[in-house]
Amino acid sequence: MFNLMKTAVLMAAITALFMAIGSVLGGQQGMAIALVVALGMNFFSYWFSDKMVLKMYNAQEVDASSAPQFYGMVRELAAKAELPMPKVYLINEDAPNAFATGRNPQNAAVAATTGILRVLSERELRGVMAHELAHVKHRDILISTISATMAGAISMLANFAMFFGGRGSDGRPANPIAGILVMLLAPLAASLIQMAISRAREFEADRGGAEISGDPQALASALQKIQRYAQGIPLEAAERHPETAQMMIMNPLSGGGLRGLFSTHPATEERVAKLMAMVPQRV
């Protein structure tokens, strides 16, 4: 129920952003049009955003015959988590990363890069996939997928506000300074919304994944290894679609600046410390 409320709040916040941009573009008429567009986008995001994200990453579905070891691992973990078997995808990227998407546990998918299968041990990979299934179990996947697709749409509308100007409520050309401010602040607002819902759920998914796999130390080791590789190997699809970065188990975006300041992921050191605190102490 709580995650359903978070989804409703997310949709309402993004709808308000759409209307603000519409007001800059075309006054009251623009605001009304933006409301209609936002409602349509909310509907589209609910039903199709998972397919859209998987297509962005050119993810290929696999099964027990094409990827028996990986598919079997996901099936075993899903059974332990008492979840329906999700669809399983592989992404042909060297950068190690993974994510989950879908409307609900009955319509979920998990995806991993070929790079993560190469660099992690089987034990570490189990920890990562258990983390993704924890997102499914906690019903985070709808929130993250909707916020990714809607953030991209907001950035696009903000660029329209800058390059095509607009008209105020009196029919005169809109203030170009307002257009510039919208272009700068709307994507920032979308990022802040993503941050608000993303950081806390990563900690929860770490904890839940450790409980599913029964091995918090393996997930901690995986996070450290993914971070080391991520610093030198860019995830090309995420660089093209940065709004999807918050879906990943580790922030895949290169560079610092605003991207680092407004990261949707908690510090890896903090995540590792929380996981290691779950490891039973030997007497």
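Any Cβ shown, glycine's included, is placed from N, Cα and C.
Sequence-distant neighbours of E132 (active site) (same chain, 6+ residues apart, CB-CB distance under 8 A): A98, F99, A100, V110, A205, G209, I249. Look at Swiss-Prot and you will find E132 tagged as active site, backed by sequence analysis.
According to DSSP, H131 (Zn(2+) binding site) sits within a helical segment. Within the same chain, residues at least 6 positions away in sequence whose Cβ sits under 8 Å from that of H131 (Zn(2+) binding site) are A98, A205, D206, G208, G209, L219, I249. Residues or ranges marked as Zn(2+) binding site in Swiss-Prot (evidence: sequence analysis): H131, H135, E202.
Feature annotation from Swiss-Prot assigns transmembrane segment to 7-27 (among others).
The transmembrane segment annotation in Swiss-Prot covers 29-49 (among others) and is backed by sequence analysis.
Taken from Swiss-Prot, the feature transmembrane segment covers 146-166 (among others), and the record attributes it to sequence analysis.
The annotation transmembrane segment is assigned in Swiss-Prot to 177-197 (among others) on the grounds of sequence analysis.
Listed binding-site residues: H135, E202. The one with the lowest count of other Cβ atoms within 10 Å of its Cβ is E202.
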